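Trainee: Questions regarding the structure given below will be posed in turn.
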Amino acid sequence: MNKLAVNLPGLHLKNPIMPASGCFGFGREYSEFYDLSKLGAIMMKAATAEMRFGNGTPRVAETTAGMLNAIGLQNPGVKEIIENEVPFLANFDTNIIANIAGSTIEEYEMVAKMFNETNDVHALELNISCPNVKEGGIQFGTDPKMAAKVTSVVKEASNLPVYVKLSPNVPDITRMAKAVEEAGADGLSMINTLTGMQIDLRSKRPLLANKTGGLSGPAIKPVAIRMIYEVKQHVSIPIIGMGGVNTAEDVLEFLLAGASAVAVGTANFANPFVCSEIIDELPETLKKYGFDTALDAVGKAVME
Amino acid sequence: MITKENMRILAKSMIALDTIEMVLENKYISQTALPGQFLHIFLEGKTLRRPISIADIDKEMGTVTILFKVVGSGTKQLASYEPGREIDVLGPSGNGFQITEEDSTVLLIGGGIGVPPMYYLGKTLAKQNKKVISILGFQTKANVFYEEKFNQLGYTFIVTNDGSYGEKGFVTDVFHKVGDFDRYYSCGPLPMLKTVTNELNGKPGFISLEERMGCGVGACFACVIPSKDDKGYKKICSDGPVFDAREVSL
Ligand SMILES: Cc1cc2nc3c(=O)[nH]c(=O)nc-3n(C[C@H](O)[C@H](O)[C@H](O)COP(=O)(O)OP(=O)(O)OC[C@H]3O[C@@H](n4cnc5c(N)ncnc54)[C@H](O)[C@@H]3O)c2cc1C
Ligand SMILES: Cc1cc2nc3c(=O)[nH]c(=O)nc-3n(C[C@H](O)[C@H](O)[C@H](O)COP(=O)(O)O)c2cc1C
Ligand code: FES
């Protein structure tokens, strides 16, 4: 029996580890470091209806135990992604999760429909939480009614399971989680980045061209853990957890808090092998803390 | 191809104000890297790696030399590392300078911490019996480095902004003294590259660009620059850092 296997709506994961959206592109670059078939799944970079150029540079800044990014959803557009990127990823024995962003409900709907027509995408991740685009994105992520609306429209538009990616930039994350669960979400993905800013002492101006950016990396892990722990107690759909994961111990912490699978984002930049190494180390880590399988650990912190 | 390598620090010295020369030993990178490529260096406790150009290579010794200026916490940390220690590096990263066989005279224009990649390029070009002319710009006398080494490659102009050493002014102020050349290669701060490409508009040239990076391998879209092709952008880490001066918009 595979002790790392986890089954989620639409996703039969050989292990609960996947690179997070936007931190792994469409896999090409990292496929030169290791065989992507090793991964439980791959969360693709956000897709929008049309090609987007994104924000000005600088787009990233380093912070204590993390980084800020304001890429601005640069991507070649859903058509190009379906024609050129999905077929490449389909060569690997792993699950493909398509991350969708948009500035209108119609845009989410259209992109979801297009992914639905390919045979190679296993699930959708609705990015209703990108802090780095002017319109749309974040509004869907902070207003429970809007979040529910976009979720139900996308559910209607496609047969694929839908994981809604929640923004931490809200006063009550549970309310958001419940709203999208009621609207038909098959799962949650949390958390996206926390809005932040860095001022450059030399220019005395915000360092990022977009002024604000999304904070990711180890600095946000406690926020992610707290939010997953809270949400887990109030929803019954599964959670894919993320935020500052660097090690197999971090993964176990997310599982205990209530995540059924875990995505790794920023850590890929310092160590392109991080997902692969975590997968290798996870069985030993689970054993060390008294678990036979990954599944055994899910939600243990909440239940006891 | 980029791999993750351990490089042993063999030597470290201060060659100018806040400027460190470090000799690193690694077989794979020393055998495969081309002029203009960079190393993406991991530093304990840092979320992001630091990109530093390859300044020189000794294939026989299996060594790679980097030159860097201490400007912030990462370069300060790297400068504190002593010989014997190993550092974790992704490399060789990016695309190097294209060398054209027919060229007989080339002009190298380096500004400040953009000088390092010019050296290994100049050495490679000189080995191919091309006439190498260099213009190296620095803020002030205390920043000047590698003058002797560039002199061995060919005629070298040193320019300082405050005139404390060599000619006074900017690298572009000595263009009228250079004479004819087939191609130019340049690396330095963006304002310098802008004036260089403007003044040499029409001349074939390659420039090496800098931007803050996330992944350094082409996956995160942190380091893009507008380009003049249909796609509309290039990634500095993987399409560059070297570009044909005519293909990107500065
Ligand atoms: C392709 C390339 C080649 C380079 N080659 C050299 C070289 O040979 N010698 C040298 O001294 N410097 C070089 N640089 C610049 C060097 O990367 C920065 O000076 C260094 O990253 C600063 O790090 P820090 O932690 O000391 O500064 P901090 O300001 O504390 O750095 C904070 C963050 O900003 C990034 N950053 C800051 N300045 C720059 C910059 N100018 N370019 C890119 N990222 C930056 C850092 O990498 C880090 O992620 C190169 C940059 C690029 C992109
Ligand atoms: C450079 C960068 C780009 C990102 N792009 C996206 C994106 O396109 N869509 C998305 O849903 N999340 C995006 N994210 C958020 C991550 O997927 C993840 O939720 C977040 O970074 C927290 O995880 P981490 O701390 O492991 O990076 C991005 C994060 C970073 C650092
Ligand atoms: S630094 Fe990630 S694409 Fe260039």
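The backbone N, Cα and C atoms fix where each Cβ goes, glycine too.
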Trainee: If TrEMBL says A:Asn69, A:Ala70, A:Ile71, A:Gly72, A:Leu73, A:Asn127, A:Asn192, A:Thr193 bind substrate, which of A:Lys38, A:Lys45, A:Lys155, A:Lys221 does it name for the same site?
Mentor: A:Lys45
Trainee: Suppose you look only at the domain 'Dihydroorotate dehydrogenase catalytic' (A:4-286); what would the mean pLDDT be?
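Mentor: Looking only at the domain 'Dihydroorotate dehydrogenase catalytic' (A:4-286), pLDDT averages out to 95.
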Trainee: List the same-chain residues at least 6 positions away in sequence whose Cβ sits under 8 Å from the Cβ of A:Lys45 (substrate binding site), in sequence order, or say none.
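Mentor: Set apart from A:Lys45 (substrate binding site) by at least 6 residues yet with Cβ under 8 Å, we have A:Ser21, A:Gly22, A:Phe24, A:Gly25, A:Phe26, A:Asn75, A:Asn99.
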Trainee: Of the binding-site residues A:Ala70, A:Gly72, A:Thr193, which one sits closest to A:Gly243 (FMN binding site) when you measure Cα to Cα?
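Mentor: Going through A:Ala70, A:Gly72, A:Thr193 one by one, the closest to A:Gly243 (FMN binding site) is A:Thr193.
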Trainee: Taking Cα atoms as reference points, which of the binding-site residues A:Ala46, A:Asn127, A:Ile191, A:Gly265 is nearest to A:Gly72 (substrate binding site)?
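Mentor: That would be A:Ala46, nearest by Cα distance.
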Trainee: List nothing but the one residue from A:Gly72, A:Gly265 whose Cβ has the fewest other Cβ atoms within 10 Å; the candidates are the binding-site residues.
Mentor: A:Gly72
Trainee: These are the binding-site residues: A:Ala46, A:Ala70, A:Ile191. Which one scores highest on other Cβ atoms within 10 Å?
Mentor: A:Ala70
Trainee: In the three-state scheme derived from DSSP, which category covers A:Ile191 (FMN binding site)?
Mentor: coil
Trainee: Consider only the binding-site residues A:Lys45, A:Ala70, A:Gly72, A:Asn127, A:Thr193, A:Gly265: which of them have a Cβ under 6 Å from an atom of ligand 2? Write none if no residue does.
Mentor: A:Lys45, A:Asn127, A:Thr193, A:Gly265
